[in-house]
Amino acid sequence: MKFIIKSISKNSGRLGQLRIKDSKELQTPLLLQTTKGGSIPYLSADVFGMVTQEQQVLQLTLCTMDQMAESLAQWNRSLGAYVGYPEYNTLLLLRDPCEATPTGGNDRDVVPLFTRRGKESLTAERYLQLVSSFAPDVYQGLCDADTNPESTKKRVQKSVDRTERFMEHCYKQHRELDRLKDSTLLAPIVGGYNTYARTQSIKHAREQPKGSYGGYIFEGFHTNGLPATRLSPSQLLPIVEHCVQQIEEELPRLMPGPLTPVLMLELIRLGIDIFDTSYAYCAAVNYKALTFSYTIDKEEHSAFLDVTDEAIREEFKPMLEGCKCLACQKHTRAYVHHLYKTNELLGPILLMIHNLHHYMGFFDVIRQSIAMDQLSLLLDYVRRQNMPNDVNYCIEPNTKVVGKAAMGKGFITAAN
């Protein structure tokens, strides 16, 4: 994996080019496509091809794909080809950023992997065995990331010490396993909200021989899912800034999870390069269409459109005026509300199409703003949306959500 910084600004973050293996050059800040079990949620490859024709990177998760390891070990093509996207690169994470990860289950030599089949305790040896079966283009090192803003100093220190032990094995095996010889390892930086612990984690990574890893992944700030949308910038940003000052500029930095648009912009300004679409997914499964504006104007805008709201049942206009996505071009708010009322599968499909299109457009504007050194202007606009007060981008669980047990049935009530 090759990463080149094109421009850098104190107030606007940095623009870069990322090339994974022999793929096309990817522009950073980069948005990874979050997947569930190897598939982009609700969308077939053909439908996703109508959302975008641009080169993408799939963010796959071991906790939703571990059952595929045996067959993948016999697969002689790329991981992207296995999941139906042969032209896309792949990045493998341990945990699903869309779902809150249960706490506990950590031990001296194991990390819990929560799957649909229950909990599996992963040793570093077992983890590398699974990763080598997948042979992704990029993967994260094994880490204890079970920390959040409420974690005690003792829990934080244990997460750092365990991660160091796991990574000693990962660095060694990464160099020796044949199926990982073309893969890039991301070094995890853990330590909760403790600057001393974060410094210790960074120091351990930087002590490794040059070329041992190709980038950083920041873990341990949250436990994924909707709680990540409620992170406090005043707590998070000083820790991230502290970390960024201690790591090499020439390596890319990844921050997974459903972070709010405002927090993403703040992190980009600090120098984080890679994010994912889990926020768009979390909004969709809670019946919310993204409607915040990133094209500066003088009108007031809201963060979401709640398609369960009875007030839109006779609104025969797009979910977002002026949106060019397939859903908004062909369907109305009233129709999407009708799909929710009748539990039709097309409902979440249309929401996912719209939210992904909107979020990818948001990142296009982010890159343009950085190029013009105007990210601060975009940040102020997205934060207020011409409203008297800051807009709330936190995603609260809807009383009616898409039930996991019957995802193929479309919208269903929690009671079902």
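Each Cβ is built from the backbone N, Cα and C atoms, and glycine gets one as well.
Just so it is clear, the model here is predicted, and its values are computed rather than measured.
As written in Swiss-Prot, here are the features:
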BINDING   CYS323, CYS325, CYS328, HIS354  Zn(2+) binding site
Near-site residues: Zn(2+), ref CYS323, CYS325, CYS328, HIS354, CB cutoff 8 A to centroid: ALA289, PRO318, MET319, LEU320, LYS324, LEU326, ALA327, GLN329, ILE353, HIS357, HIS358
Chain-internal residues, separated by at least six, CB under 8 A from CYS325 (Zn(2+) binding site): VAL51, ILE353, HIS354, HIS357, HIS358
Greatest C-beta neighbour count within 10 angstroms, which of the binding-site residues CYS323, CYS328: CYS328
Cβ packing number for HIS354 (Zn(2+) binding site), 10 Å threshold: 28
